[in-house]
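Trainee: My questions will all concern the structure given below.
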Amino acid sequence: MGWYDKLFDAESYTLANGKTVSQKFTRVPLLVLLLLIAIGISVWVTGFKLTTLFTNLSGFWNIFGSMFPPKLSYFMQVWQPLLMTIQMSFFGSFFGALLALPFAVLAAHNITNNKIVNLLIRFILTVVRTIPTLVSALIATYIFGLGTFAGTVAIFLFSFSFVGKQLFEYIETVDMGAYEALTATGANAPRAFVTTIFPQILPIYLSTALFAFEGNVRYAAILGYVGAGGIGMILNEKIGWREFNSVGMILLSIFVAVVIIETVSQRLRKHLS
Amino acid sequence: MNNNLENVLKKEPRRALQYSLIAIVLVILLAVSSPALHGAHVTTKGIEIGWNILMGILMPDTSLLFGLNDSSVAYLILQTIAIAFLGTLVGAVIAVPLSFISATNIVPRPVVIVTRFIIMAIRTVPSLVYGLMFIRVTGPGPFAGVMTLAIVSIGMISKLFIETIEDLDSGILESLDACGSTFFQKIRYGVLPQLSSDFISILVYRFDMNLREATILGLVGAGGIGAPMIFAMGAYHWHQVGAILIGLFILVFVVEIISNKLRQKILYG
């Protein structure tokens, strides 16, 4: 930003004691200009029009309004896919978190002292993490066929990469004193890890896994859109048939389930820390 | 000396019962969740497709990946970024007033409970459902994506904004009062400097998340890089799928790095 300060002179004040202080010229105009350019390009690329929005917004409210009141009797058909969604999330999160542990150990440079292994594992975690869950679910449906298993695989991959990243970053900050003391007395590395590092990372590990599970329940609700099982299947179907009061019931069920799971899991996480 | 050590060791709390209980609960939950494995079989066709996807990523369609026309990866990336950017901005415009009327230090408790419930309800509806609803408003295309992301962002942005607002140091406002500042001077020199860096960092973070979200909105026809990908997959054009996946990866990866750097700079100078 040196050129900017050269272009616009700094303001200087002379204080009562004769000292001169200066303040750099404000950067607000430059930032506002950049922001306006970015907005202009975005509006042009996306075709954003406020007038369309306000004239057609009634369509949105119509759909929204027709979700009320939710068709309560439809719950009999909702609870099974909902349960399936939670089962998928649990199964995927559990095994994802389980697999994340050895990978996190390999990615942490203070435990695995090998740059190539560290970088390779981190690269794998990053690649898996950047692919959106819905996209991996879509790919999984092509490989494993339509059904809940594809969704479970997608959730598994997400949990694995998320927990793996959080965990290896945490492992790198733990206190290594006890570990070094144990290896100095002749313990081998796995033994020393289990008795000294593992107790330190366990609370964070469990609470990260729980956090991933929470998010997964919310996310698994839409996996059905690509045919990967769960409540998203009937959600997609009912939207297609425009049975919006059934859609309302599905959304209400998801809302209640998510609130219950988040409350329980937040309790558990608070207890852990 | 040895006795001493043994005594210390014996004093260590016995967690065996606790651990085995947790293990039993987990095993039961896993057994209950086993229907999630339903349909777990790999067909030879599945393996072939998996192999083709891998080949597609290794040998992407270079004209799609490096081209500069309307359907190229570069343009799709620009469109995805534009959707995420505008979506975040519109979301912020809606979220700011909403968070001021949900902060306990500004409005009374009953109002807070109502507004927070609304925010939570907004958050629960999956983004694809909003996408399908907005397509009826704006027609299919990136515009629908912008509005979808705007609504989806409200939940998280206002939740974090509320925390920032509730952390406002009122001592500064009192001292400005004592100096005889006017109402607008108090906002300009007392409130804005306290909020701006947190607000901007929250928005940058949400932009990062919206970008991931924008990549999948194409599945419902709301623009972005997702739509051509699902078409290419449906048509089994794996080299195009590979090109788009590579573009997606680079986009998300680069934006994540930039947003992390930017937030560090904003928050800690």
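Heads up, residue numbers simply count up from 1 along the chain you see.
Just so it is clear, glycine is given a Cβ too, placed from its N, Cα and C backbone atoms.
According to TrEMBL, the protein has these features:
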DOMAIN    B:77-259  domain 'ABC transmembrane type-1'
TRANSMEM  B:16-37  transmembrane segment
TRANSMEM  B:49-68  transmembrane segment
TRANSMEM  B:74-101  transmembrane segment
TRANSMEM  B:113-135  transmembrane segment
TRANSMEM  B:141-162  transmembrane segment
TRANSMEM  B:216-235  transmembrane segment
TRANSMEM  B:241-259  transmembrane segment
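Situate these features within the shown structure.
Mentor: Through the fold, the transmembrane segment (B:74-101) approaches residues 66-68, 107, 111, 115, 119, 142, 145-154, 157-158, 161-162, 165, 199, 203, 206-207, 210-211, 213-215, 217, 223-225, 228, 244, 247, 251, 255 of its own chain, all at least 6 residues removed from its boundaries and within a Cβ separation under 8 Å.
Panel annotation: around the transmembrane segment (B:113-135), residues 98, 101-102, 107, 144-145, 147-149, 151-152, 154-156, 158-159, 213, 216-217, 219-222 of the same chain, lying at least six beyond its termini, place a Cβ under 8 Å from a Cβ of the stretch.
Same-chain neighbours of the transmembrane segment (B:216-235): 71, 73, 76-77, 79-80, 83, 127-128, 131-132, 134-135, 140-145, 148-149, 241, 244-245, 247-248, 251, counting only residues six or more beyond its ends whose CB sits under 8 Å from a CB of the stretch.
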Trainee: So which residues does the transmembrane segment (B:241-259) touch in its own chain, when a touch means Cβ under 8 Å and the partner is 6 or more beyond its ends?
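Mentor: For the transmembrane segment (B:241-259), the sequence-distant neighbours (Cβ-Cβ under 8 Å, at least 6 residues beyond its ends) are 53, 55-62, 64-65, 73-74, 76-77, 80-81, 204-205, 207-208, 211-212, 215, 225, 228-229, 232-233.
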